[in-house]
Every structure is written in structure tokens, then in C-alpha cells.
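The structure's right below; bear with me while I get my questions together.
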Amino acid sequence: MFSRDVRLETYDPELAKAIAAEAGRQEDHVELIASENYCSQLVMEAQGSQLTNKYAEGYPGKRYYGGCAFVDIAEQLAIDRIKQVFDADYANVQPHSGSQANQAVYLALLQPGDTILGMSLAHGGHLTHGAKANVSGKLFNAVQYGVNEQGLIDYDEVQRLATEHTPKMVVAGFSAYSQKIDWARFRAIADSVGAYLFVDMAHIAGLVAAGVYPSPMEHAHVVTSTTHKTLRGPRGGIIVAKGASEELQKKLQSIVFPGIQGGPLMHVIAAKAVAFKEALEPAFKTYQQQVVKNAQAMANTLIARGYKIVSGGTENHLMLVDMIGRDVSGKDAEAALGKAHITVNKNAVPNDPRSPFVTSGLRLGTPAITTRGYKEPDSIDLANWIADVLDAPTDEAVLAKVRDAVTAQCKRYPVYG
């Protein structure tokens with residue numbers, strides 16, 4: 001019998017110390033990695049529940065194990081809620097991650113060797129959109145599109161590549177693109193060559209849910225997302241669709257299970273259900289609106305300080321700082337900002353002369369700081385501190401001054417109050 005009174009710090013002090021230190025880091029450092037956010041205590045309560053003990057291969061009402069009545073309720077809540085969030089008529093909440101959701105879509109609709117047309121990782125796409133290092137670039141013939149000199153998707157070039165290569169699937173979505181995407185234009189391009197349009201909205205799902213960013217649901221054959229990032233849930237994936245044929249839905253269902261996964265993570269699915277309920281609250285829309293306001297305030301401030309933002313600004317939650325031609329690399333900037341308790345990630349920018357391990361750019365995002373309660377004035381202060389560090393990345397006095405300012409700001413806006 002397990003005791004309910006045993007504590008991790010007593011049983012495993014080494015691990016408990018690491019967890020406590022990470023909790024402290026999250027409170028004391030400002031988080032600007034665009035793909036990170038903080039989930040609520042309610043989400044964490046569900047994810048830490050006894051549902052982790054239950055195996056439930058299959059889907060609600062059609063399990064291969066007994067004793068699934070209550071986890072069926074949890075999964076059906078998640079399905080029903082995410083359909084409501086995105087106005088979808090199909091949803092699968094079992095993918096363990098966004099990458100696995102993407103893999104499921106590819107394997108459900110394509111054959112090895114088929115051609116896909118996706119956004120280049122070097123221009124803002126994602127590994128799973130056909131990068132050579134990823135299975136999507138190994139199993140399939142991946143053709144890549146990018147951005148023009150203004151940092152914008154060149155739809156004429158996408159059309160040209162589609163006409164030339166006749167892909168079976170066009171992939172739209174990004175991990176580092178700060179403007180709105182014309183989903184209707186992408187669908188027209190896909191239709192012109194008889195291809196599926198697959199949208200990966202992992203980064204912008206929360207913005208889409210709140211009506212702050214255009215929804216791809218009316219245009220894509222199938223859509224995937226992570227459930228963290230702007231959606232502010234546990235780490236995981238989903239597949240959704242609107243107007244999908246019964247045949248397409250069956251393909252998606254069967255490829256997730258039994259195709260690429262076995263038992264679903266019922267504790268994570270329960271946590272997803274909580275996050276989806278939160279996404280239906282009026283406060284969620286207000287939050288997403290503020291995410292964009294904060295991002296625009298930061299971008300405009302950095303531009304005023306002489307830093308180039310790829311595409312000239314942002315219409316979503318993120319921005320790419322282009323430092324080509326500057327002495328400081330993305331890697332060095334990330335390290336310097338880290339010393340000042342500002343957490344970012346180095347990122348390649350279009351036509352980057354440096355290696356992917358060094359880069360000439362930084363990706364900044366505002367979902368996490370907005371969860372803390374930051375508004376535009378706080379974001380402007382933060383952007384100025386970032387510029388101070390980038391102007392003098394090896395000046396210990398500057399780093400110390402910014403670190404003190406960040407610490408004071410974080411204390412004003414605790415993650416978990």
C-alpha cells in the first residue's frame with residue numbers, strides 16, 4: 001500500500017532539489033521562448049492525478065481494456081471541448097506531441113516517397129515540415145519554400161513550386177514567422193495541383209481559439225497543434241478538422257491508434273480537457289489579445305533601438321531579431337541574456353551566414369510573460385533591457401543592472417500567486 005503522506009523531498013531529495021530549483025528559475029527569470037508558457041494549477045492537478053495509472057487503448061466506448069468508464073468521460077470532455085474551441089467536427093486528442101500529430105497526418109494521407117511542400121526551417125518553418133534531419137524529410141520528397149527579402153511568405157513562389165513539383169500535400173504553418181498567413185491562398189495553391197492542405201498551427205492555436213489570428217479551419221483538410229504554447233495546456237498534441245470526409249476521419253483515427261501509438265496518456269488528456277475549458281472562458285480572449293499587444297510593443301521598441309525584426313514587425317506572439325552583420329551571434333546573445341535572467345532561444349534568420357548551432361538571430365515570444373500579467377509598459381521596459389544587453393553583451397555591469405531590474409519585475413508578477 002502506498003502512503004499518501006510520503007514526500008518527494010524525503011524519498012528522493014536529489015530529484016526534489018532539481019524540481020524546486022526549476023520552479024525557482026521559472027519564478028525568477030523572465031521567459032521569452034515563444035514555444036513556452038505556464039499552465040494553470042488546475043491543469044497540473046489533472047496531469048498529476050491517478051489517471052496516469054489507467055491503460056486505455058482505443059477510443060471512448062471502444063477500448064481494448066476494461067475499467068475505462070471514467071477515463072472515457074475525461075477523453076470525451078477533451079474531444080467535445082476542443083471541437084467547440086476550434087469549431088471543428090473532428091478531433092483526436094491522443095497524440096503525445098505536436099510532432100507525433102504531424103507524423104500521423106503524413107502517414108495517414110501519404111505514401112513514402114510522395115512529395116510534400118513545406119516551409120523551410122531556415123526561413124521559419126518547423127523540423128517536421130520536411131527538414132532533412134527529420135523523418136518528414138527522410139520518408140518523403142520534401143520541397144521547401146521560404147520568405148522574400150521583406151521576410152514575408154512569397155505566395156507566387158509557393159504556387160510556382162507547387163506547379164513544378166505537384167506535391168501530394170502542401171504544409172502551412174511555422175515556428176518562427178511573425179505575420180498572418182493567408183490560409184485561403186494556400187488552399188487555392190493546394191487545390192490547383194490536387195494536393196491536401198495540412199496546417200500546423202502549433203504556435204498560434206491559442207490566438208486562433210480567441211479569434212485574434214485567422215483560423216485555418218475553413219480552408220485546411222486537416223489541422224494539428226500542440227496543446228501548450230499559446231493554448232496554455234499540458235505538453236501534447238491534437239488533430240482537428242472541419243468538413244473532413246468520413247474516410248479521412250477513419251484514416252486519422254486508425255493511424256494514431258493503432259498506427260503509431262499504443263495506450264494514450266489519460267492523465268495528460270484530462271489535463272488537456274481542463275486547458276480546453278479554460279480556452280472557452282472570456283478571459284482567454286483578453287489574454288490572447290494582450291499577448292499580441294505585448295509582442296508588438298516589444299518589436300516596436302527593439303526597432304526603435306536599432307534592431308531589425310524579420311518582416312518588419314509582428315502580428316502574432318513572436319518576433320525574430322535579425323543580427324546579421326553584428327558582432328554578437330544568436331548563441332552569444334542567448335548566453336548574455338541568460339546571465340541577466342532573460343530566457344530566449346537563438347534562432348536562424350533568413351539567409352543566415354552562421355551555422356544553426358550559432359545563428360544570427362533571436363526568437364522572442366510573449367505568451368509566458370502575458371500569463372504573468374505583463375502589459376505594454378512592462379514589455380517596453382523588457383525590450384529596452386534586451387537591447388541594453390545586446391548593445392554590451394560582455395559588460396558585467398550592464399548584465400548585473402538588467403538582472404536586478406528583471407528580478408524586481410518578476411517579483412511584481414509571480415507566475416503562481
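The chain as shown is numbered from 1 upward.
Keep in mind that glycine also has a Cβ here, set from the backbone N, Cα and C atoms.
Straight from Swiss-Prot, here's the annotation block:
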type    : residues                                               : note
BINDING : LEU121, GLY125, HIS126, LEU127, SER355, PRO356, PHE357 : (6S)-5,6,7,8-tetrahydrofolate binding site
MOD_RES : LYS229                                                 : N6-(pyridoxal phosphate)lysine
SITE    : HIS228                                                 : site 'Plays an important role in substrate specificity'
Hey, what's the Cβ neighbour count for PRO356 ((6S)-5,6,7,8-tetrahydrofolate binding site) at 10 Å?
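The answer is 13.
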For the (6S)-5,6,7,8-tetrahydrofolate binding site, please report the maximum Cα-Cα distance among LEU121, GLY125, HIS126, LEU127, SER355, PRO356, PHE357 in Å.
17
Give me the count of other Cβ atoms within 10 A of the Cβ belonging to HIS228 (site 'Plays an important role in substrate specificity').
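Excluding its own Cβ, the number within 10 Å is 26.
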Which of HIS126, LYS229 (the recorded positions) has the most other Cβ atoms within 10 Å?
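Result for the most crowded candidate: LYS229.
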How many neighbouring Cβ atoms, not counting its own, are there within 10 Å of the Cβ of LEU121 ((6S)-5,6,7,8-tetrahydrofolate binding site)?
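Within a 10 Å radius of the Cβ of LEU121 ((6S)-5,6,7,8-tetrahydrofolate binding site) lie 24 other Cβ atoms.
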Can you grab the distance from LEU127 ((6S)-5,6,7,8-tetrahydrofolate binding site) over to HIS228 (site 'Plays an important role in substrate specificity')? Cα atoms, rounded to a whole Å.
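Per the Cα atoms, LEU127 ((6S)-5,6,7,8-tetrahydrofolate binding site) and HIS228 (site 'Plays an important role in substrate specificity') stand 18 Å apart.
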Under a three-state reading of DSSP, tell me whether LEU127 ((6S)-5,6,7,8-tetrahydrofolate binding site) is helix, strand or coil.
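Its secondary structure by DSSP: helix.
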Could you say which of the binding-site residues GLY125, LEU127, SER355, PHE357 has its Cβ with the most other Cβ atoms inside 10 Å?
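For the binding-site residues GLY125, LEU127, SER355, PHE357, the Cβ with the most other Cβ atoms within 10 Å is GLY125.
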